[in-house]
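A.B. asks: Below is a structure I'd like to ask you about.
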Amino acid sequence: MARCCCMLVLLVALGVCAASRGREWAHHGASMFADLTPREMRDVRDYLQGKPELGLTATRGKDLKKNSILLMELHLPRKHEALRTLDRGQAKPTRQARVVVQFGNQAQPNITEFIVSPLPFPTSYTGKTFKGDRPIRFESRPITAAEYSHIIDILQKITAKVHKVLFETTGGFSFHNCTNRCLTFSDIAPRGLESGERRTWIMLQKFVEGYFIHPVGFEVLVNHKDLDPERWTVEKVWYNGQYFDNVEELAERYEKGTLEKVQLPDHDDEDLYSTYIPRGHSNTRTDIHGPKLVEPQGPRYHVDGNFVEYAGWSFAFRVRSSAGLQIFDLRFNGERIAYEVSLQEAIAFYSGDTPAAMQTKYIDAGWAMGTVDYELAPGIDCPEIATFLDLHHYYDTDKPMRYKNALCVFEMTTGMPLRRHFNSNFQGSYNFFGGLENHVLVLRTTSTVYNYDYIWDFLFYQNGVMESRVSATGYIHATFFTPNGLHYGSKVYNFVLGNLHTHLIHYKVDLDIAGRENSFESMDLKYVNFTNPWSHKHSVVQSKLVKTQHQTERSAAFRFGKKFPRYVHFYNPNEKNKWGHQKGYRIQYNSHANSVLPRGWREENGISWSRYPLAVTRHKDSEPTSSSIYTQNDPWEPVVSFEDYIRNNEDITNQDLVAWVTVGFLHVPHSEDIPNTATPGNSVGFFLRPFNFFDEDPSLSSRSTVIVRPDKEGKPKVQRWTPEVVGHCVTDKPFFYNGTYAGV
């Protein structure tokens, strides 16, 4: 008996030791995924600019014929190298930087990517290629501040020729030599109709608060492919439903009185509809604040650099400059659930009657979606109690840029129990009540990609569930109203059409369920009809579970428009829980997505991932992302083609699997989108939910549980494991529960 007790104690001690060691390795390895520090960015910049063969100059400045750094971000280690650190405690791989360089000062301008290492003291750089060695067209590069400065210059020249038209029809607004009533512009992408082009539709708007919804009915197509801005040309002009070959033709028609012109209101009150200034009657008291989130005894989570721990969860995070929020080495109670869950791309494809509207197909990684994560407002973007962190990016700049308080971490209560039960005795009282408050940890950042604001969340629940959620808000992309425009949206104000569009968001979910060797199955229901065994003259009709094992990548690529399985389940065929089930997780969707273009239609080639709500592939370090910063301006011949990832149709049984998840929604703008789209109803995402991964609900370990039972006298006896009084910020009264019910 004593020997058995000693053996049990030894096993427990070994388990505790292993868990402690695993936590130490996870903490130690988190920095592998940390974004580049400002020091590392400066060191890489200085190293490359010191290489005479590259001929690099400053990024800022108006010259387009230059060699300069466009983007710098962390180059991730290979997965098997990272796992040696995370699972064995070995030394971390060498830190490296991915650097995108624009070589404009040479006979054949090009875009080249380099891997620079080691950090923080680089000594080498090597070329980086994409799968299939696809070349990066120079015309596919993202637009820069230098190029925008020349666009402003050419718009000055263009609008000077039609100054009278614009000034007299917009209520005194002008782009040329304006003072307090100025026009601004929005540029549309992709920039052309086929690969190798760089010509952009530009629409003018009144430069007031919320100018996105103040179009003035003037759009112009500028060809700016040449690196000499003096050789840029105007190819087409659109004004109030009429097309012209040049601005001179428009001005001439205006002077002759043959132009079908529009007269916009010329008083300032008309421009207030796009502001946040309150208007209308309110029934809410203004002398007191609404509810606030508090931490009565302080935070229950821990943040150390880019490593976070909370209620059994641990993970590392980063905000990739080109794409956005990512988490790595996601563990629950020490067991890895996923190696990577990361945002890959966000698109918004529009329809409309004006040339700008029908051309708008925004692919947001092409606008460096990860770098537009501006400061978060306490009490609005995140609770005041949140932990706020700064982010640093190096994009179209000559030095690292600090984005203050651009990411936040906080714990919140959802106002909904995680679980609860009232057990009635059906005699006016109860046998017991049990409940657990639902607390979640939230990791949040935002991306303001011009007019739209995306709020990116990862939420971590006490029962081993993780949620990925994106909420859309900000200004709609609006164009000038034409009667035919009502086929493509709604009139939301005088002369303003809110254009219909579809948002799609793509995620990479590299699951490692109880190890790297995973399989994938889908589950559906079918009706079965059989003789009732206890009443033979009757039949029983009920649902039966039907499982389909998907053995190849093609069989696990589900197309939009086809029936999607009720459950999609990833599991480890070699590991079982206490009840004999293979340990697994499933992906549950909260989405209303659909395809945005027919398969293979021009720009659709650049977003082939959008064909599938779910596609499952084998993990490859050569397939790190589903999109690139170049897709926006060359979707016709993309350097990253997701379709290539499943074309070879590899075996996915008992393999290291990656789930590629597409979520989204259709937005038909309406008058309530003025001034902004609101978040309710505009949030989509997915859940990672344990499915026989545990032996029981892991939230049973939470000491926030409350149980109430009547004692012998019928008085409530409260059993709890946290302080009886929550705290004066919430209530000074102890928890009380009666539970009886009676007639009155």
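Glycine too: its Cβ is placed from the backbone N, Cα and C atoms.
Grabbed the feature section from TrEMBL, which reads as follows:
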SIGNAL    1-19  signal peptide
DOMAIN    141-241  domain 'Copper amine oxidase N3-terminal'
DOMAIN    292-700  domain 'Copper amine oxidase catalytic'
ACT_SITE  Asp364  active site, proton acceptor
ACT_SITE  Tyr452  active site, schiff-base intermediate with substrate
MOD_RES   Tyr452  2',4',5'-topaquinone
A.B. asks: How do the residues of the domain 'Copper amine oxidase N3-terminal' (141-241) split into helix, strand and coil according to DSSP?
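C.D. replies: So the domain 'Copper amine oxidase N3-terminal' (141-241) is made up of 30 helix, 31 strand, 40 coil.
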A.B. asks: Looking at the active-site residues Asp364, Tyr452, which one has the fewest other Cβ atoms within 10 Å of its own Cβ?
C.D. replies: Tyr452
A.B. asks: Cα-Cα, whole number of Å: the residue listed as 'active site, schiff-base intermediate with substrate' versus Asp364 (active site, proton acceptor)?
C.D. replies: 10
A.B. asks: Need one number: mean pLDDT over the domain 'Copper amine oxidase catalytic' (292-700).
C.D. replies: 97
